[in-house]
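According to Swiss-Prot, the features are:
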type: SIGNAL; residues: 1-19; note: signal peptide
type: BINDING; residues: Tyr104, Arg105, Glu106; note: dopamine binding site
type: ACT_SITE; residues: Lys118; note: active site, proton donor
type: BINDING; residues: Asp137; note: (4-hydroxyphenyl)acetaldehyde binding site
Amino acid sequence: MRMEVVLVVFLMFIGTINCERLIFNGRPLLHRVTKEETVMLYHELEVAASADEVWSVEGSPELGLHLPDLLPAGIFAKFEITGDGGEGSILDMTFPPGQFPHHYREKFVFFDHKNRYKLVEQIDGDFFDLGVTYYMDTIRVVATGPDSCVIKSTTEYHVKPEFAKIVKPLIDTVPLAIMSEAIAKVVLENKHKSSE
């Protein structure tokens, strides 16, 4: 009898018995499923250039190496890149005081040059301190005509439910818009120079 009581108390402690009805209901402590909220954000920018012209900048390993020169002055307090700018390269970015996020690191995970898309994963930084467990940007260049395309950018992130209300106002499409506009500017300037 004593052993059964110890066993029931132990099972109640690790959560394998519903205490109210004493019904076995699995092993939640051992097989815990944490629910996370998945959020998708979208940005699109139409560009008066061919998809191949835009992808030649967006998909280039040179892009990561020259990022501070392409973006508005003062956007980074510190910028370092590990790698050659291609798959596996890591961008370590620190922003000026007073900005949030103040710091994060991104990794170029995948480039598909045939279909003109890439995956860029945020691997650590301030958002992860606020309950974000996954953060991935997908950038696609989609042809809409022989001399026009759309840069379609998506941010997908997962956040613990208790942090969702805090994080939602902090993550937006502004970084995607800034990057797309910088890419379009370079492409259109190059196109203009070549037509002179």
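Start at 1 and count along the chain as shown; that gives each residue its number.
The backbone N, Cα and C atoms fix where each Cβ goes, glycine too.
Around the Cβ of Arg105 (dopamine binding site), the number of neighbouring Cβ atoms within 10 Å comes to 17. Residue pair Arg105 (dopamine binding site) / the residue listed as '(4-hydroxyphenyl)acetaldehyde binding site' shows a Cα separation of 13 Å. In space, Asp137 is the closest of the binding-site residues Tyr104, Glu106, Asp137 to Lys118 (active site, proton donor), judged by Cα positions. Counting every protein chain shown, 22 other Cβ atoms lie within 10 Å of the Cβ of Lys118 (active site, proton donor). Rounded to the nearest whole angstrom, the C-alpha distance between Glu106 (dopamine binding site) and Asp137 ((4-hydroxyphenyl)acetaldehyde binding site) is 10. For the pair formed by Tyr104 (dopamine binding site) and Asp137 ((4-hydroxyphenyl)acetaldehyde binding site), distance between Cα atoms is given as 14 Å, rounded to the nearest Å.
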